[in-house]
Structures are given as structure tokens and as C-alpha cells.
């Protein structure tokens with residue numbers, strides 16, 4: 001009877017839920033999902049996309065105006081230099097070669113300075129104003145890469161806001177985005193570390209990697225069994241079978257399973273080298289420049305001296321270059337976080353093993369001293 005009353009009471013309580021309560025429950029579930037592992041990924045990607053649209057709207061118009069002005073300045077400087085060179089050629093006789101060379105060099109130097117000023121205003125080699133929208137660094141892909149470099153603290157510096165609203169938006173965008181991206185690295189790095197540790201344990205322990213099993217499956221029971229060899233002889237086979245099954249069944253939760261530091265370093269070096277090969281093909285860099293760019297980016301140093309699409313007449317495939325770089329950075333920083341997590345576990349495991357070894361040595365020496373003291377004197 002009491003159970004029936006309680007069930008009826010629950011049903012009545014559920015029926016009494018108002019719309020406001022339902023909205024509150026939905027908001028709680030939504031917040032819990034957004035801060036879950038899947039939600040964090042979507043939140044970071046969505047936040048970066050929103051930032052891309054925001055910075056494109058704020059800085060895109062200003063950048064286009066500056067580039068139009070730079071193109072007009074280049075056209076004017078080019079025509080003036082051409083006319084001046086023709087005037088110098090008509091003015092000086094063929095016999096006055098040195099004077100002609102001096103005047104021509106002066107005009108060329110002026111033209112070079114005007115080109116530098118135009119580049120500082122945003123000139124990138126495009127002469128037609130109609131092509132500005134296709135080659136702008138503040139296109140959606142360029143703004144997406146900029147937003148990503150802000151929240152990852154890479155900050156190449158080759159693209160920066162020039163308007164007041166753009167600078168203010170960057171400050172508040174970074175204040176919210178940096179903690180969000182750190183949360184993304186923590187969660188995704190932990191997931192990747194557990195998955196990789198499970199795969200490593202399954203591959204190594206299933207195929208009979210005795211060295212890994214012996215060195216990474218040491219437990220307190222094993223250390224006691226070492227001191228009692230006759231027990232090991234009786235239960236060795238049963239222990240090995242049960243240990244392998246338990247390790248494969250719950251290898252992620254087992255603290256004794258760790259991944260070697262050398263393997264983590266090999267993963268990071270391989271990812272950097274793979275990115276170097278792809279960027280060297282895509283951007284016409286050599287392998288050293290590609291490796292340098294990948295390392296500087298993934299380590300969040302971000303000098304900005306070498307960046308994708310930062311070449312004169314590099315308008316072809318500029319959007320794809322920005323998108324590929326953004327994907328490489330998001331995946332790469334998660335892999336770096338995974339490797340750091342695994343290396344931290346390995347170092348802690350080694351340290352604990354050393355502490356246990358020291359304690360065992362001290363306990364063994366103490367036991368021997370007690371045996372010597374209690375031995376009968378003949």
C-alpha cells in the first residue's frame with residue numbers, strides 16, 4: 001500500500017510540473033550536455049564560427065577599403081614611375097649614361113618605398129578591385145583562423161584588427177574563448193589518452209609483450225609473491241590468465257598500465273613531420289620551414305614569420321589553406337594534450353615504482369637486522 005501511495009504521489013508531482021519547471025529542467029539538461037565531451041567540441045567549433053562571422057563583419061569592410069586605396073596608390077605610383085623614366089630617357093643623351101642611371105635608380109627607389117607603404121595597407125599583389133573579396137584575409141576562412149589563433153593563444157600577428165570595435169571585440173572574445181579552449185583540451189586530451197591507453201594495452205598484452213606485462217603490471221600482490229616463490233609456482237598460470245583478462249576488460253581504469261614516453265614523443269614528432277610534408281606541398285615550402293611552422297604553431301609560440309597564404313600572389317587556394325591550417329591546429333593541440341597526459345602518468349608511475357623499491361629495500365634490510373639480533377648465541 002505504501003508503495004502504491006508513493007507511486008501515486010510521484011505521478012501527481014509529475015503532473016503538477018508547470019511550464020516553467022519544464023523549461024528549467026530543459027536548461028539544466030542542455031547545460032549538462034554542452035559541458036559534456038561532445039558538447040565541448042561543438043561549443044568550441046560554434047564559438048569559433050561565431051567569432052569568424054563577427055570579425056568578418058567588423059574588419060572586412062575596413063580591410064577592403066584599405067586594399068582598394070592601396071591598389072589605387074600602386075597604380076598611380078606605377079604610372080608616375082613609367083612617365084618619369086621616359087622623361088629621364090628623353091632628357092639625357094645616350095652619352096650621359098651615368099646621369100641616366102642615377103636618375104632612374106632614384107625613381108625606382110621611390111617606387112619601392114611606395115610599394116612597401118601599399119603592402120602595409122594590405123596590398124597583396126592583386127591589381128583588380130573585383131578580386132578583393134576572393135583574396136581577402138578577412139574572408140570567412142581567414143576570420144575563422146584568426147578566431148582560432150586568438151583562443152589558442154597562438155596569435156601569429158600577420159592579421160590583426162585595425163578598427164576600434166575589432167580590438168575591443170578581440171579582448172572580450174579572448175577572455176571567454178581561452179578558458180573554453182583550455183576546457184576543450186582537458187576533456188578531449190583525457191578522452192584520447194584513455195582510448196589510446198586501452199588500444200595500447202589491448203595490442204601489447206594480447207600479443208604477449210612480456211616486457212610490457214612484466215614492467216607495467218606490477219601490483220602489490222606481485223611484490224609479495226616475489227618473496228614467496230613456491231606460491232608463484234602453483235598459481236603462475238592462473239594469475240597470468242586472470243591478469244590479462246582483467247587488464248583487457250578494464251585497462252583504461254587500471255593505473256598500472258602506462259604508455260612509454262618514447263612512444264608519446266614519437267607520436268608528436270610524427271604529427272609535426274606529417275604536417276610539415278602537407279604544408280610543404282600546399283604552400284611550396286621546404287621541409288624545414290614546414291616543420292618549423294608546425295612546431296611553432298602547436299607549441300603556441302606563434303612568431304608569425306611563416307604562415308599559410310602570407311605570400312604575394314598567394315590568392316589561389318587561400319581559403320582551403322586557412323581551413324586546412326585550422327583543422328590541423330585543433331586536432332594537433334588535442335593530440336599534444338593527450339601525449340602530455342600519457343607522459344605525466346608514465347612519470348608518476350615511474351616515481352611511485354622507485355618509492356616502492358626504496359621502501360622494499362629498507363624493509364628487507366630492517367628484517368635482516370632483526371633476524372641477526374634475534375639469532376641464538378652459541
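Placed from the backbone N, Cα and C atoms, the Cβ positions cover glycine too.
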Which is it, of 257-279, 349-371, that TrEMBL names as transmembrane segment?
257-279
Among the residue ranges 4-29, 30-55, I'd like the one that TrEMBL describes as transmembrane segment.
30-55
TrEMBL annotation of transmembrane segment - which of the ranges 138-159, 204-225, 226-247 it falls on:
138-159
Looking only at the recorded stretches 30-55, 138-159, 257-279, 291-309, 321-343, which one has the largest tally of CB-CB distances under 8 Å to the transmembrane segment (171-189)?
30-55
Taking 138-159, 257-279, 291-309, 321-343 as candidates, which has the most Cβ pairs under 8 Å with the transmembrane segment (30-55)?
138-159
With DSSP as the yardstick, break the domain 'Potassium channel' (267-346) down into helix, strand and coil residue counts.
58 helix, 0 strand, 22 coil
